[in-house]
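Here the structure is laid out as structure tokens; the discussion comes afterwards.
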Amino acid sequence: MTTDSNTEHTADAKTALFALAAGTFSIGTTEFAPMGLLPIIADGVDVSIPTAGTLVTAYAVGVMISGPIITLLLSQISKRAALLALMSVFVLGNLISAMAPDYMWLMVGRVITSLCQGGFFGFGAVVATQVVSREKQASAVATMFMGASIANIGGVPLASWLGQEYGWRTVFICTAVLGVLAMGALFKALPHGEKGYKPDMLSELKSLMHPEMLVAVSLTVMFASAFFALYTYVAPLLQEITGASGGFITGMLLLIGLSLTAGNWIGGRLADWSLDGATAIGKALLCVSLLLAPLFLTTHTGAALTLSVWAVAAFIIVPPLQLRAMHATAEAPSLGSALNMSAFNFGNAIGAMVGGGALQLGFGYSAIPVAGGLIAAAGLLLLWIARRTRSTAAAA
């Protein structure tokens, strides 16, 4: 069977990784921007904040369902062509969102936009590992994901400011423009020569049932659920618990972005050392920061400290989990990578529902990080069980 593991040394590594990061920056900006705009979007389309939060859930579900399917379908063309096609879908979805006359059309735009993400991260992560030596693969994946992290430094805070000053539609127009610029970078930087392949769907789907892949996917779901339980409602949470102004919320989004970027960089280096070690460190910090959050979010200084640690911890976990999924599906790394992104967004949807459920049941905003912390603790327990099981099997 022909697979997508052929090494593509013809591409200049730095240029290719920059182009991929430009794509993840665009996607990260449009994915995370609504988190800081929920009150404005809710008011603009005349729905409640929890209802507006379903835009986040719908996007996540769209990525979850479409990622593996689109990756299999596009495997028959070159990764360069696939990545360009996916970015064109991204641009279309953002334009529909910008012009949406009501909540339902905005939902349609968000779902269309979501169709690009799983495949882009799936193919992109494989390209990233193929342009560097094996010992630098985790760092290369982290570099590609750095675009999404940097989106939280520049893209999301800027989107929050634009939304407050000029309306939420302006945000989606700008993200569509970002998509066009990313397409230009990908068109110029990625290699032309590699061919697609006709996937053996049964064989590739079978590889997804490998025990290590099931563990990787489960860890990703739990991490993302814990993270997005808080992140989805970070703006109204800061308003209610911290008494934050719009300017402070924008500043916090910038600080979160810086912390996510730092965590992504640290996670890449730690993953080059140990996938299990990097995952354990990140999950432990994530769990502790979430469980203690209600004690510290009552002051501006406490909120800044807590959200910084929480964000660093969250993105320490991303590179090792992505590489773990790719290693577990060596016969189909693009599919494994895309499925892991689907798992991430399944967790996104669960986290958003957990946060919204806490509010609708009357527990209040303080319950949201506690719920996330308990999910993170469950993920840490799963990692420990998986490691012990692997050690026992190796000793037998």
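Glycine is treated like the rest: Cβ placed from N, Cα and C.
Caution: TrEMBL annotation is automatic and unverified by curators.
What TrEMBL records for 16-390 is domain 'Major facilitator superfamily (MFS) profile'. If you look up TrEMBL, you'll see 56-74, 81-100, 106-128, 140-162, 168-190, 211-234, 246-266, 278-297, 303-321, 342-361, 367-386 marked as transmembrane segment.
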Relative to the transmembrane segment (140-162), the stretch among 81-100, 106-128, 246-266, 278-297, 367-386 with the most Cβ pairs under 8 Å is 246-266
With Cβ-Cβ distances below 8 Å as the criterion, list the same-chain residues six or more beyond the ends of the transmembrane segment (211-234) that contact it, or say none.
32, 35-36, 38, 49, 53, 56, 60, 249, 252-253, 256, 279, 282-283, 286-287, 290, 293, 307, 310, 314, 317, 321, 324-325, 327-329, 336, 339-340, 343-348, 350-352, 354-356, 359, 365, 368-369, 371-373, 375-376, 378-379, 382-383, 386
Most Cβ pairs under 8 Å to the transmembrane segment (168-190), of 81-100, 106-128, 342-361, goes to 81-100
